[in-house]
Each structure stands twice: as structure tokens, then as C-alpha cells.
Amino acid sequence: MTHIPSTTITSDGPRPIPLIGMGTVTVTEGSDVVKAAVVEAIKAGYRHFDTASFYGTEIPVGEAVAEALRAGSVKSRAEVFITTKLWCNSTERHLVLPALKKSLKNLGLDYVDLYLIHWPLKINSNNIKIPVPKELVTTIDIKPVWEAMEECQNLGLTKSIGVSNFSSQKIEHILSFAKIPPAVNQIEMNPLWQQKELNEFCKQNHILLTAYSPLASAGNSWGNNSVIQCDVLQDIAKSKGKTTAQISLRWLYEQGVGFIVKSFNKERMKQNLDIFDWALTQEDLNKISQIPQRKLVYLLGFVVTEPNDVTAEIDSKL
């Protein structure tokens, strides 16, 4: 079993967070598959599990944690780090606490370790349509929403709070009034979308940047193989006897960020953890820094790779 390094987040006092988390977003696998994958991941050494109200995977994640506790794979709840997220139809002050309580009920837990605002947007509908009609999307009134997030932490329902898909400008606004600053900003990041400026901003403000789609969600219906098929990464992988995925994940680790990686395949779960006893050379890092940048646009659970009027209008609100 691999030991995953941790770092410290400082939302309101220092707390450890494993640098690698397992993602659980899926549109094809059922709950039984998700639960079985999380149980196997715990056996492999994963301790951080990332879910969200929108994903519909909170119940199987909670069931897997309960099973691992019964089986002795983990000795206590404190050994597992659970992240979940506030969906955009609940980004109003009076809806935040009920949304977290619903997530806790789904998970079968008394608290989560990290609660994130999923997007800095408000969807004015409880019925989820993909793609989201642009007329239903408005900007978030972040001050009362963040105050409700702080209340969730003060009540002990989450140990830390943070954001996801927030720009440095949005975070600066939160920092201007927050009593509890964001501990984490979870964003799309990989060698093809390196987020250098945002990473530097978060480091300066003691916010842990956590990367989702570190492999551009290869193997998922909403992702692509742009990272896996990148010539630069393939050449480095070949020279080191590693997989392209391992090169991408090692690069993230060396940037000082955490990351969420998803595979329900037992062998790939293990491969994705085999990144700690070797390093990239400065030449490798120089080559990766010169890779042309291309964002895979994640838009409220619907992915588009070409901008259009809908994405332009919603992006203006992010």
C-alpha cells in the first residue's frame, strides 16, 4: 500500500490534507461500481475522496467508507478525508446549510473535511438540464453565501471550506471580507493548462490549489486524450520508463499542488500513486513549460471545446 504525502491547509487552524484525492464523478458507472472502486482505492492507499452533490456519488462514497471501517481497512473516520461541494442551485445564503446537511445525510457522516462552492454561479432552477440554458445562469452574491459557508464550519459540519473554479479576482473579493479564508481552490489544471498565475496567487495567499482533470479526463465521455497523447509528455515518459499519466501527475506534484485523479481500474489506481520515488529533470520541466496551452472548457457539468455565445456569456460571470 502506497503512503500518500499530505500538506497543511489553514482555513481556521492547520489541518492535514492528502495531496492526491480520488475523483468519483461519473455518468456511466452505477453506485455499486463507485462503491467498489472506493473500497479498492482505500486498500491501495487513497485516503482523500472527492465527491459533490451534482455528481450523485455521495451515497456510494459514504457506503464505501463505512465498509472500509467495518473491514478494518481504516481504523477511524479521522483517517479518511472527504470533500464535497455546494451545487449552483443552492448558492444563496439560506440554502447553503440545508444543502450541506443533505450531503451529510447522503454520505452517512457527521461532518465532511472540506466543503467547496462548486462554481461562482447561481442556477435559477432545481431541474438540471445539460447544457444549462444561459437564461437560468446568474452571478453569485458571494458575501452572504460565504458567510453561510463560514457558519457551516463554525457548526462543525465541515472542518474546512473553500472554492472551485474561482479566479484570483473572485478569491480576492472573498478575502476582503472573510472571517475564515478559503483553504482550497479546486480548478482544472494539467500540463496543457498550467494555471501558473493562479497557482502563484494561491500560494501567496496560503490557499492550496487542487487540480481536477489532471489527465484531461481521458477515458471519460466529457474528456479527451490531449494529455495522454501529448508528444512532449510521451517522449519524457518513454525516457523514464513511465506512463504519460505518471509524468503529468508527477509534474503536478512538483508544482506544489494537490490533485484529484479518477480511475476505477485497480491497476491504474496503483500506477497513479507510483510518482513519489523519482523526479523530473530541469530539462523535462523546461520542455513541459513550453507546451502550447489549451483549456478544456468545463461548463457546469457540460463540456464544450469550442467557445460559443453561451460559453462567452457564462464565462463573463465567472
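Cβ from N, Cα, C; glycine included.
Annotation comment: TrEMBL describes TYR55 as active site, proton donor. Long-range C-beta contacts of TYR55 (active site, proton donor), restricted to its own chain and to partners at least six residues apart, with a cutoff below 8 Å, comprise THR24, VAL25, THR26.
A C-beta separation below 8 Å, combined with a sequence spacing of at least six in one chain, links HIS118 (substrate binding site) to ALA52, SER53, PHE54, LYS85, LEU86, TRP87, CYS88, SER164, ASN165. Here TrEMBL flags HIS118 as substrate binding site.
As annotated by TrEMBL, domain 'NADP-dependent oxidoreductase' applies to 20-291.
Cβ neighbour count for LYS85 (site 'Lowers pKa of active site Tyr') (all protein chains, 10 Å cutoff from its Cβ): 26. Taken from TrEMBL, the feature site 'Lowers pKa of active site Tyr' covers LYS85.
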